[in-house]
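Have a look at the structure below before the remarks.
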Amino acid sequence: MVLCCVFLLFLTGSFAQDVGTIVTSDLFNEMLKNRNDDRCPAKGFYTYDAFIAAANSFPGFGTTGDDTARKKEIAAFFGQTSHETTGGSLSADGPFAGGYCFVREGNQMGSGFYGRGPIQLTGQSNYDLAGQAIGQDLVNNPDLVATDATVSFKTAIWFWMTAQGNKPSCHDVITGQWTPSAADASANRQPGYGVITNIINGGIECGKGQNPQVEDRIGFYRRYCTILNVAPGDNLDCYDQRNFAEA
């Protein structure tokens, strides 16, 4: 019985390895190769050790399923967050090697609840909920997301792992654990990377036809899938999806 349970855990990914077995230091540096460019305000901030420490605080992140599923989640996470923090074309490697250039939205300063960190955490409610989840008072100290790299990554992974309202978690979508409801099907929200864009910024980017923001998110994702040697899957855009606020 014990051996049977262990075998089942192995198959389902619940007995998964450390995220660092997929994202090595060399891979991290290859994916985010221009993050420490002199033109990047975030130079020196986003470190491999901070990412691993944060990732290991969230069971299931990058450890769910087989190696293909795990790599696909890592590619999707860094694809979305690289768009949120992009510095554009910083080298001959092109625009999809320019992620993690910024920490603060518009390089702002001060204590407001503007976008910070890899996911550009925004709004007092998100700062409050994220802070409760990771054990930090981010309402009274929101700039901790821009000054402590581990906290910064933790807020991004918290957002990634957490369902809110009628939105599934990004994690459940990319790992195949989300089943669209009738309302989702009616809104053309099908499993794939495009729904994750809808979760993150659907009100601005989705259901409006082809646009450069969604193209940029897909471009980052495709680059990381290539580096990780994994297929990106179907339904990459949200051009024809209604956003979740429209139900």
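Note that the numbers count up from 1, one per residue, in the order the chain is shown.
Glycine too: its Cβ is placed from the backbone N, Cα and C atoms.
As the structure is a computational prediction, the values presented were derived from the model and not from experiment.
Pulled from Swiss-Prot, these are the features on record:
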type: ACT_SITE; residues: GLU84; note: active site, proton donor
type: DISULFID; residues: CYS206-CYS238; note: disulfide bond
type: SIGNAL; residues: 1-16; note: signal peptide
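Shown here: features listed in Swiss-Prot, placed on the structure.
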residue: GLU84; record: active site, proton donor; Cβ within 10 Å: 21
residue: CYS206; record: disulfide bond; Cβ within 10 Å: 29
residue: CYS238; record: disulfide bond; Cβ within 10 Å: 31
For CYS206 (disulfide bond), which DSSP three-state class applies?
coil
Look up CYS238 (disulfide bond) in the DSSP assignment and reduce it to helix, strand or coil.
coil
